[in-house]
Amino acid sequence: LTRSPPPFAPVTGSDASGPDPQLAVTMGFTGFGKKARTFDLEAMFEQTRRTAVERSRKTLEAREKEEEMNREKELRRQNEDIEPTSSGSNMVRDCSKSSSRDTSSSESEESSGSSDDELIGPPLPLQMMKEPGNHIEEDIVGPLPPPLYEDAEDDDDDDDGDSEEEENPVQKIPDSHEITLKHGTKTVSALGLDPSGARLVTGGYDYDVKFWDFAGMDASFKAFRSLQPCECHQIKSLQYSNTGDMILVVSGSSQAKVIDRDGFEVMECIKGDQYIVDMANTKGHTAMLHTGSWHPKIKGEFMTCSNDATVRTWEVENPRKQRSVFKPRTVQGKKVIPTTCTYSRDGNLIAAACQNGSIQIWDRNLIVSLGHLSPILAPRRKGLLSTLLPAVFPEQRTIPSIQ
């Protein structure tokens, strides 16, 4: 009896080709009996190395051939460039020889005697050789050189500049000492000096009002007090009273304030009703203020001008209502905004500079307009007449022109 193989035993190639090969093919065991293919790694590496060496050798040979071809091309180009230049030089030489033959013997002697006159390169055209002067004049392009008298003008300009520096009005101020007071980082818009000259008050766009005392100031030059009397409104005007015990503070609000020498509030003007048409019927200003001024004779009286086209006088003892109202008007009777105001020296007249360029004047007691300066006679820069107002009243009722 023959022993049958186990059911899962692999069938070799000899078994697959045995008596029943069809069964082995059906079961899928035909390939398991073959031997595995073996590879010689050393032979494969050697073949790969030889192939790489052969390729690199061919690549190097191709590069060498290309370099040789490029060199031959460059040599050909150089030879081609040299041939026309040599032919041109031969032509130049022939031309120079023919021109030298045409020249006279006297000219040849002079040219041989001086080395500076020897020609280098091709000869000049005949027209240029015949008319050298005209050719030079045609070559001149541009303006003629400046005349010699400009130096004298420069000297005159320097003299004028020196004279202007000498006439600088700032240099004529007879000052003996100078210090710099730093108010803050923003613009300083208002200054007020005590009548005795002992204190200074400053205001700016940072809403601060600072007090400076020259007698008690140390080397740090710092203000002894700083406050914001008008909260978030820019300070526009600061003025000490004639006695120096009060300060008029005018800001961008509609209410002026009066503070004492130490910064404590004395009074605040009342705000008017902006819904009333006639501004004379309101108790105070209804728009932004511009400036203010103390009465030169009466203690406690001051006036302010505002964007509501009115000039109002006030008393410190009565802050709930203005004393009088003045309404600037144009020639046609329209409203005009006053930008600055002041009293006359005796305090009987009030003047206001308006945006249309006019200066209008009233009697303090009558509330009647005495007239106004024409905008044509006033400065043309409208609204900037504050420097002119002190000159309007050098004496009582002395006015340049009234309409």
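Cβ atoms are placed via backbone N, Cα and C, with glycine included.
Taken from TrEMBL, the feature region 'Disordered' covers 1-22 (among others).
Residues or ranges marked as region 'Disordered' by TrEMBL: 46-174 (among others).
Positions annotated as compositional bias 'Basic and acidic residues' by TrEMBL: 47-80. DSSP assignment over the compositional bias 'Basic and acidic residues' (47-80) gives 34 helix, 0 strand, 0 coil.
Positions annotated as compositional bias 'Acidic residues' by TrEMBL: 107-119 (among others).
The compositional bias 'Acidic residues' annotation in TrEMBL covers 150-168 (among others).
Marked as repeat 'WD' by TrEMBL: 181-213 (among others). Under 8 Å from some Cβ of the repeat 'WD' (181-213) lie the Cβ atoms of residues 221, 223-240, 242-244, 247, 249-250, 259, 261-263, all in the same chain and six or more residues away from its ends.
The annotation repeat 'WD' is assigned in TrEMBL to 282-324 (among others). Within the chain, the repeat 'WD' (282-324) has long-range Cβ neighbours (under 8 A, six or more residues past its boundaries) at 236-237, 239-243, 246, 248, 250-256, 258, 266-274, 276, 335-347, 350, 352, 362, 364, 367, 386.
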(request) Could you tell me what the rest of the chain brings near the compositional bias 'Basic and acidic residues' (47-80), counting residues at least six beyond its ends with Cβ under 8 Å? (result) none
(request) Could you break down the residues of the repeat 'WD' (181-213) into DSSP helix, strand and coil, giving a count for each? (result) 0 helix, 17 strand, 16 coil
(request) By DSSP assignment, list the helix, strand and coil residue numbers for the repeat 'WD' (282-324), in that order. (result) 0 helix, 19 strand, 24 coil
